[in-house]
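> Just dropping this structure here.
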Amino acid sequence: MAALFVSLLALTSLVPVQGAATVPQTDYAKRAERVLRSAPLIDGHNDLPYAIRRSTNDQIYDGKLPFETSLKGHTDLPRMRKGRMGGQFWSVFIACPSDPNAPINTPKFATRDTLEQIDVARRLVDKYSKDLMYCDNPGCAKRAFREGKIGSFIGIEGGHQVGSSIAALRQAFYAGARYMTLTHNCDNAWATAASTVRAGKPDLGMTDFGPALIKEMNRLGMLVDLSHVSHQTMRDVLKITKAPVIFSHSSAYEVSKHLRNVPDDVLKTVAKNNGVVMVTFVSSFVKVDDPDSADVNTVVKHIFHIAEVAGWDHVGLGGDYDGTTELPKGLEDVSKYPYLIEKVLEAGATEEQARKLVGENVLRVWTEVEQIAKKIQRSGVLPVEEVWKGRNGTALSERSTFIEGPAPLEYGCD
């Protein structure tokens, strides 16, 4: 009887589990393909909408934007399909003021331009709805993958894009944005940027107004993105946020000492926070001392370092395609993702770990952020109304006299 049991056990060990026994362990390309069939590859940051703005002024219907055949940059539909992409956070980036030290209270066009970028991103998805699906929640992202479409989500890259206004942030959320990077390459009313520290200025972290922003993002269910912020800002936010954070396109500081990357103490805190660091590919970030020699294995090294320090539950992918001209050998455009996953498996990751890396982790974070927001809203917490100290409420507030009654014609709507 014992012999029979052993024989049956031996037979059951040969039964393939989800195809696992049908692919040799050393066939990394086929194993990568299996990973990408079973989990959506979700990239945290792609600047195609800004490339469209620069090349066509956001005009996509006149036949001059061949997204369905071939574009000049890093991203188009054929290459996304070749890259087995399951989801993309499209950055609706608008640059910081030309003078990063300009007074933040000076009216700017960034908020208007951000709305235009949200608009073109959503119109692009609608135009190519056979292949793309706009989603504003993780459940929809999973459904898009099941239906063979590429989930398309929206992220804002810097608080300057909403004029350092929590009310404007809310409206951007209602328009479809699901994450906001707290800063780009300029400080704002909420936080210090990494670029400020890189320029030799002090790292002041979050401002006194910063916690109000995090409170509202947590309440809304908007992902807090800590790429581009200073190291002290990272630490300050992680002390107060009630929800997991993301780094939409950052790598490991211990591997490459660029201030855009995440130091080990922060990686450990991200693990406690249940967040995710989505590794970027920018050559000067991943190999600051010799960017020209960066290759796919350089990126793999960053992935494994984050996995070793924070755990495989806290690492993802955020290439920054169409947002840089510096890309490692082997990762020249979005079609190269299967090759990256092949190299991750070859370096020793399991298929379970690879599935977490490509998309399961960021979906888990997004789901938890939504759940926490619903709990906060059910508790009766009201929208934040706070503004930063000293802000002028309107342009008229700078005038020396207050006029009662109907405004003169020059101030009116006529």
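Going from the start of the chain as shown, residues are counted 1 onward.
Glycine is no exception: its Cβ is also placed from the backbone N, Cα and C atoms.
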> Looking at Swiss-Prot, GLU157, HIS249 are annotated for Zn(2+) 2. Which of HIS228, HIS231, HIS258 sits in that same site?
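Among HIS228, HIS231, HIS258, only HIS228 appears alongside GLU157, HIS249 as Zn(2+) 2-binding in Swiss-Prot.
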> Just confirming the record: what cysteine out of CYS96, CYS135 does Swiss-Prot connect to CYS186 via a disulfide?
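It is CYS96, per the disulfide annotation in Swiss-Prot.
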> Given the recorded substrate site (HIS184, ARG260, ASP320), which additional residues of the same chain have their Cβ within 8 Å of the Cβ centre, ordered by sequence?
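My list of surrounding residues reads HIS45, GLU157, THR181, ASN185, SER227, HIS228, HIS249, SER250, THR280, VAL282, PHE285, GLY323.
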> Looking only at C-alpha atoms, tell me how far GLU157 (Zn(2+) 1 binding site) is from HIS228 (Zn(2+) 2 binding site), rounded to the nearest Å.
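With the alpha carbons as reference points, the distance is 9 Å.
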> Which residues, sitting 6 or more apart from ARG260 (substrate binding site) on the same chain, put a CB under 8 Å from its CB?
ALA194, SER227, HIS228, SER250, SER251, THR280, VAL282, PHE285
> Please give me the binding-site residues out of ASP47, HIS184, HIS249, ASP320 that lie within 10 Å of CYS96 (disulfide bond), comparing Cα atoms only.
HIS184
